[in-house]
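*Asks:* Feature annotation from Swiss-Prot assigns domain 'OBG-type G' to 169-346. Feature annotation from Swiss-Prot assigns GTP binding site to 175-182, 221-225, 289-292. Residues or ranges marked as compositional bias 'Basic and acidic residues' in Swiss-Prot: 518-527, 619-633, 641-653. Positions annotated as region 'Disordered' by Swiss-Prot: 518-538, 564-674. Marked as compositional bias 'Basic residues' by Swiss-Prot: 570-580.
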Amino acid sequence: MVLYNFKKIQVVPTSKDFIDIVLSKTQRKTPTEIHKQYAIGRIRTFYMRKVKYTAQSYHEKLTQIIGDFPLLDDIHPFYADLINVLYDKDHYKLALGQLNTARNLIDNLSKDYLRLLKYGDSLYRCKQLKRASLGRMCTLMLKQGPSLQYLEQVRQHLARLPSIDPNTRTLLLTGYPNVGKSSFMNKLTRANVDVQPYAFTTKSLFVGHTDFKYNTWQVIDTPGILDHPLDERNTIEMQSITALAHLHSCVLFLIDISERCGYTIKQQVDLFFSIKALFLNKPLLVVLNKIDARRPEDVPEDDWKLIQSLADPARGGIGGTHLIPMSNLTEEGIAKVKDTACSILFEERVEKKLKSTRIEKEIHRLHLAQPQARDKKVRAPCIPESVIAAARQADMDEESDYKKPTLTAAMMEMIEEHENDEKYAQGIIPIYDVNAWKKKYLLKNDEWKFDIVPEIINGQNIADFVDPDILKRLEELEMEEEAFLEELKNAEDDEESDLDEENEALYDEIQEKKHELRINHQIKDSSKPQLSKGRRGIDTKEMASHLKSMHHEDDEIGDIIQSVRDHSKSRISGKKRSRSASRSDSQAPTSEERGLSLNRSKSRQRSTTRIASPAPGEGFHDLAQKEKADKLDKRSRKKRNQDGRKGESDRHVYNLMPKHLFSGKRSGGTNDFR
């Protein structure tokens, strides 16, 4: 269980932001309008409320900041020393102390100015006292800028610290830089620590978790330690020293016997002896890493004696230390190191709990009661003989049913045929006699019955299923298939020749016209200026060729084109008669015609969008069919347009001062509008 959650500490604002937060809150939460005509008591209350509220806001905000940060005397020594190493305990305490002093000074300031405000005799004097009190409070907070900035940096770093439980089962990895601590941790856990071929890749503590005997174990990877005095060690190394000093865990001291880390075995052994005091009263394992590069038997004799001295109390080592070879590359020995370390720590923790006074207080309450025999007489359970006999008979019946074979009709027939044979009388059952079955084979030659064949199925083998004329049958099938394909080809030729010459020419003309229409459609889609359909002129040549393709006579074609031209002239919408046209060219319209044209002009004014009559080649029979197609097209686009989203071309003028944010009632109830 993790004891501390530093991520809950709220953000510490800068001094300027602090002042803005408090003053804006005071402006929002207190009345803002006062007049000199009001009674002096009301004026004093108005300004005293502002001073009180500002001081209270400062007090609450500072109290929350001071309370969120942990007190070094109240937390676990491991975290207290870690904060001291990372942030300097003196600087940390001074910053919190300055905020506490500022809080007390603000409280005293508010008391002094409230006392003066009680005797204010005018609005101007009360306002100046309020202004002076708030100004002194803000000046006081401006001076706390460096402390607030430092505490915000501490908060950010504390939130990024790993969640280490100092009281749980822990494996602690230590040793020189680049000896394989992070690689070993990645093998044990899923922490995914960064591994690089240079020293001091790990610059802080990393935590992973693994399972052993249905329990969760905490694995801590510490930065590398160098062999020099304590006061010369930097912040990175001091994190490892802090973890070794305060966490009760099983320590795994890793030694690179291949010396590829850049340090000799003698230097690594010297480091062990220099920090030996941190290993006392803790389970200890010395892990000989990188045996894939150099086997333990290849280590020089002098270096091997130095390694063995780590577990020899006579030569300054620690008794009970285990020496285990291991390789992170080949994973040789990793499971053994894990099992040994967890088992040693588990036994040590159990033994420690049994020695505690709490166990002694509780263990006398446990009592194991065992019955004692009153005499030497054997009192076995009494089971009636009938029950025993029935159980035996049931077992025999079950066994006989299990051994009884299931016989088919052919087997029964075989038994009946050989029932009088001597072998059957001797106990040889014919259904299990292979030769008895071979006698029943149906073969052309009886000598073949006892041949050794790979498979027997109801008295037949593979040769019985092979047709001797198989090649001849294959040739017949191929000839039949060729005849079928030839017949299909002839049928296709017959279908193609169903049309006579005139129809074939018409079919070719239709195909050519389709191709021409397709090309014209592609040309229309090209990016060239186009005229609207309502103002486009009539192409008489195209219309004449179209009518000719529909087998119209030349006289009919001329009449149709003239009628269409006259009709299109009469359908020009909204076009006024030009000034140059003489009134004598056309007869004066009658009153009925004038009324009809007036009604038509009104109806045309109402319709904002009109559909032009279908042009030749559009594929519409008449205007009604085109209108119906246009309506279906709009209906199909409606659902797609509903899913439209705002794009770069859309423009929107925002309301920069929305009224619902800049007007409204006040909490005091003095105004209906701001």
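Heads up, the Cβ atoms here are built off N, Cα and C, so glycines get one too.
Show me how these features fit into the structure around them.
*Replies:* Secondary structure at LYS181 (GTP binding site), taken from DSSP and collapsed to helix, strand or coil, is helix. Under a cutoff of 8 A between CB atoms, and with a sequence separation of 6+ in the same chain, the neighbours of LYS181 (GTP binding site) are LEU173, THR174, GLY175, THR202, ASP221, THR222, GLY224, LEU254.
Long-range contacts of the compositional bias 'Basic and acidic residues' (619-633) within the same chain: residues 611, 613, each at least 6 residues beyond the stretch ends and with a Cβ under 8 Å from a Cβ of the stretch.
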*Asks:* How many neighbouring Cβ atoms, not counting its own, are there within 10 Å of the Cβ of ILE225 (GTP binding site)?
*Replies:* 21
*Asks:* Give the residue from the binding-site residues ASN178, THR222 that has the most other Cβ atoms within 10 Å of its Cβ, counting over every protein chain displayed.
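*Replies:* Highest number of other Cβ atoms within 10 Å: THR222.
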*Asks:* Three-state secondary structure of ILE291 (GTP binding site) from DSSP?
*Replies:* coil
*Asks:* Taking the Cβ of ILE291 (GTP binding site) as the centre, how many other Cβ atoms fall within a 10 Å radius?
*Replies:* 21
